[in-house]
Amino acid sequence: MNSNKEETTADGSVSTTEEQQQQQQPQQQEQINTTTASTTSNGENTASDNNNNSNNNNNNNTNNTNTNNNCDISMTEDNSKEEDTGIKVIGEGELWGKLISLNPTYPTIEIRQDSIILGRSKGVCNYTFTSPTVSGKHCKIYRDPTVKSRNVAFVDDTSTNGTFINNEVIGKGSKILIENGCEISVIPKKGSEKISFIYQDCFEEQKEMEQGGPQQKYDLREVLGTGNFASVRLGVEKETGNKYAIKIIDKKKMSMTSKRKDSLMDEVNVLTKVKHQNIISIKEVFETQKNLYLVLELVTGGELFDKIVSERKFQEDTCRYILKQLCDSVRYLHSNGIAHRDLKPENILLATPNSFLLKISDFGLSRAMDEGTYMKTMCGTPQYVAPEILTKGEREGYGKSVDLWSIGVITYILLCGFPPFGDPQTKDFFEKIKNGGFSFPSPYWDEISDEAKSLIKNLIKVDVEKRFTIDQALNHPWFTNHEEKTKEFYEKDKLEFPPPSTNDDHQPTPNTTSSNSQLVPESKCDQIQDNTTDNNNNNNNNNNNNNNNNNNNTTNNSNNIDNNNGNDESKSSKKRQLSEDSNINDEHEQKKVKN
């Protein structure tokens, strides 16, 4: 039990304090990528817990049931029964919903009556628990009996400490419409105290299975993440017990025309053939009238984005290992005619929580989206968008080069902990991208090598013809001069070190002589950017010295953000945090103008 103060409420449940409730609140992922196999931190732990359960029950093909008979549950005698399989059946009518338990202590519930009540009060609740933090009548799950063609189901929250849907609290006295695959949590804690279920709409599942969905072969369990037009659920292969991430793409929400549906399937067919040690693999594909299902390799390390927020910045050797993997996987895609076009830390996954072994996801499907959907996805994370995406009206006008721009931005963030173009909320943010207006402010970049700065300057280049290709990036001295150290990282993670890259001839040899040279020759933002070239570096150095004292306050603010970086932050608050850090660049630009 948590050491925080508790109090007993009128209904007999133990009420947690506001501080404790905040600690219980799991992370909410604001946006998911179109083919990501990532999990939220809460989803990772759930997947890990369930993995142990699955291994113990591989001989039992009914993976969505738990056979533990020592359940801390009692049922009312008149409307429920327990079957030998470990399933609790409530009611005697048509099976319309299931609650698949995510904790082996509790069984799966089959709902055969219009409503059930969960809580602690025996004789009142259909499904009871003994935990003191559960209310007498905690929540009610019910469907609208007047709708016959489909299920319209709700959860009423009648609890003191909260009922949660996909890690979001409903609120006492409120109700919410639930959909197939929602996670309903009575106690959202991790581990043995967790009381959570996946709601399975039996009508929807049966319909999808009859149309060729994966339900015949896989048990679809908890939601690992949701987004604008897709969700990811943990899938357990019934025959083997192996776990996968099943990406469910809603074709209607993706605004699929007939032509684009064909394009989507063409892209998927190409992606199923992609095989690379740093790219999420697609095991198989299912399609129904409503959804496209991608069965993906499951990784448990979360997103690189979360690692950036927690670690703030990385040593150059670590960055080099991360970028070497990223660039090698992008080179593989480009050599096979595939442009990722949405590279960002949210789409770069970690194979395990304690390593930097990368797995990139969400590649190749952007061409199947309509223009509005694609731009909506891009604008959700504008820090990584190449200028040609903002200036060209048709996506056919750009391709592989946008990946190199994104790699440059990612490299910048990994090395210093904040993005190059400032806060996206500022009015001139997109103009900075279009004009390549960024800098290497002191003191944050003082200890970072000129080689790293040179690579970034050749990647974040507005002129596409002058921007590095992926082969040129891999042949840059920042990589080639430090291969022995990078190989040690590869050996530690048991990865095959990539072969040498073939250099392109049409782009200039990288210049590593000065970190203070003009960043973007074609820049239109001279009033924001340094008005210096290699011939007046002394002037530039004086400006940097003047800025050092002024930047102390910014450093203190950044440290305060570090101290407040808790594990319970939501995805949106983490993005706001990264935006706050980006003000370092905004303040630096203003100071340069004054100087």
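Placed from the backbone N, Cα and C atoms, the Cβ positions cover glycine too.
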### Query
Do you know which of Lys207, Lys247, Lys251, Lys252 Swiss-Prot groups with Leu224, Gly225, Thr226, Gly227, Asn228, Phe229, Ala230, Ser231, Val232 in the ATP site?
Lys247
### Query
Within 10 Å of the Cβ of Val232 (ATP binding site), how many other Cβ atoms can be counted across all chains shown?
30
### Rounded mean pLDDT for the residues that make up the domain 'FHA' (116-170)
93
### Task
Would you give the longest CA-CA distance, in whole angstrom, between residues of Leu224, Gly225, Thr226, Gly227, Asn228, Phe229, Ala230, Ser231, Val232, Lys247, the set recorded as binding ATP?
14
## Note on the structure
Lowest 10 Å Cβ neighbour count of the binding-site residues Leu224, Ala230 is held by Ala230
#### Entry: Least surrounded among the binding-site residues, given as Thr226, Asn228, when other CB atoms within 10 Å are counted
Asn228
### Task
Taking only the Cα atoms, work out how far Asp342 (active site, proton acceptor) lies from Asn228 (ATP binding site), in Å, as a whole number.
15
